[in-house]
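Visitor: Here it is, the structure in full.
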Amino acid sequence: MMQESATETISNSSMNQNGMSTLSSQLDAGSRDGRSSSDTSSEVSTVELLHLQQQQALQAARQLLLQQQTSGLKSPKNNEKQRPLQVPVSMAMMTPQVITPQQMQQILQQQVLSPQQLQALLQQQQAVMLQQQQLQEFYKKQQEQLHLQLLQQQQQQQQQQQQQQQQQQQQQQQQQQQQQQQQQQQPQPHPGKQAKEQQQLAAQQLVFQQQLLQMQQLQQQQHLLNLQRQGLISIPPSQSALPVQSLPQAGLSPAEIQQLWKEVTGVHSMEDNGIKHGGLDLTTNISSSTTSTTTSKASPPITHHSLLNGQASVLSARRDSSSHEETGASHTLYGHGVCKWPGCENICEDFGQFLKHLNNEHALDDRSTAQCRVQMQVVQQLEIQLSKERERLQAMMTHLHMRPSEPKPSPKPLNLVSTVTMSKNMLETSPQSLPQTPTTPTAPVTPLAQGPSVITPASVPNVGAIRRRHSDKYNIPMSSEIAPNYEFYKNADVRPPFTYATLIRQAIMESSDRQLTLNEIYSWFTRTFAYFRRNAATWKNAVRHNLSLHKCFVRVENVKGAVWTVDEAEYQKRRSQKITASPTLVKNIPTSLGYGAALNASLQAALAESSLPLLSNTGLLNNASTGLLQAVHEDLNGSLDHIDSNGNSSAGCSPQPHIHSIHVKEEPLIADDEDCPMSLVTTANHSPELEEDRELEEEPLSEDLE
């Protein structure tokens, strides 16, 4: 009976499809009505209906399969016919639900689903179950991974904490070991050893204090000597005769210095405030060596008394200067709101804050002492360098004094700077002058117009600053002059002391193939000399003028264009012709020699007169020196009057023979100085051949000077 009912349901499945559609439509309508009506909350939703339909279909399918299995043993033919309609169902899907016979009969009677629909539903349910299983497995894997990551992070954090704790423990152990080692290595010293160490420190401090005092005395004496040279103060001859080396020995004895040191710094076992207070006196003592140079000009009696009364007066002068600094808010170590202690540069708003900073940061300690020693070494190095430079300057001045250049008239007055420098040189070389000091003068140079000048505007109206041309005077090659001073001419706005022809020749000779175009010559001028980087129109015109004027420059046409070369033979011939061309010029050479000697003597007299205030005040000028100056003055005026009256004087009309006793090595007169005015000797008679050459060369240079 069960088999027949199953076959009937299968055969009539096509007829009941319409009924199924109507049933589903009714169910949908019911679900819509359930949604629309909010009052009937007991109605079944569409999801529950679908679930119920699936369960019913599954139950029906299971029942059919059971029937087919039971009937398949009896009728294999019917089993073969119904094999395409069988739906494979897994045992996992069959086990969970249990269908009662009554429910199975109701499903069969109602004929809700066809076998095809049942098969489709079973496949869908299998797919859904597979997806659920996959999702569950994926979710489990993710949870396991997250759990593993959390465990790993916790383990890493624990390991890091353990490592940090171990490192801290190791550091603490190392520190403890180091402290123990230090305690073992440095046992408590014996009281006698402590006293010895304190005595050694005190002795070192005393030695350092003595060095500072000696340096301060030297600086004060040097400043006093500078003021004495300039005539600002006067010292009796009894004191001026004292040598400089004996002055620093006029200080305190070692016992007095030690007592003074104890008064300033106190006992060595005092508190830090006392030490800092002692450091204030030290710093003021150190700084007073430089502040005394600035305040001594306004108050020279202070330095004068310091030399007379010894070191005690020096300390009192320093205290006075420090009080003056506090009132005037001026200190050598303080300027523009910044501490000028070496390597400090701390910003201080006012002078009081600077004093606090000076007492706190730069007290008497090892660091400040080391910095002071470094500063002493710096000063010593500078003094050594200064002495070398002074020796070089003295050699240069000696050389220039023995080989003076030809005097060139100019409306400009004498150069005061060179005069002061030569006067200092004469003071240093004079046997009666004061000993040479190793420091530069700190006071400004004052105009030396306190006495009557030997060279007056009425006697020599056209004597000016003398400009030398080394390459033309002594036949020194230009490269030897430019090579040592290459960086100077390259960076300084100073005109090189050479003619344009000499510079052009040097530019061409420095090139690889000994030939340059005009633009290359221009570039050499601007590259080598900073002076020619301005006023290009003026000096370029002069370069073109000299290239076309002189025969030693040859213009050559080649593939590149027009280049300029140098005919060295013509260049040397041109230089030799400038001496032998004019007989009148040769005739005037003795007169020029005499005039040069007279001018050299007059310069010496003027330099001697520039130091007359010092000599007159110190009593070092004797009658013989005054007589010599008067004789030189008369000889100079006589020689100048003779030259003015007879411009073409001969060698027999030269000045007196004692002027020739001055070892003057004079050079022949060269008429190639474009930027220098012509000599007084050549104003009366000069070569007409060279006159045209000079006018052509001086025209562009006059524009350059303007």
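Here the Cβ of each residue, glycine as well, is placed from N, Cα and C on the backbone.
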Visitor: If I go by Swiss-Prot, the feature region 'Disordered' sits on one of 1-45, 181-225. Which?
Guide: 1-45
Visitor: Take every residue in the DNA-binding region (495-585), average their pLDDT values, and give the whole-number result.
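Guide: For the DNA-binding region (495-585), the model's average pLDDT rounds to 83.
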Visitor: Would you list the DSSP helix, strand and coil counts for the residues of the region 'Leucine-zipper' (379-400)?
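Guide: Across the region 'Leucine-zipper' (379-400), the residues distribute as 22 helix, 0 strand, 0 coil.
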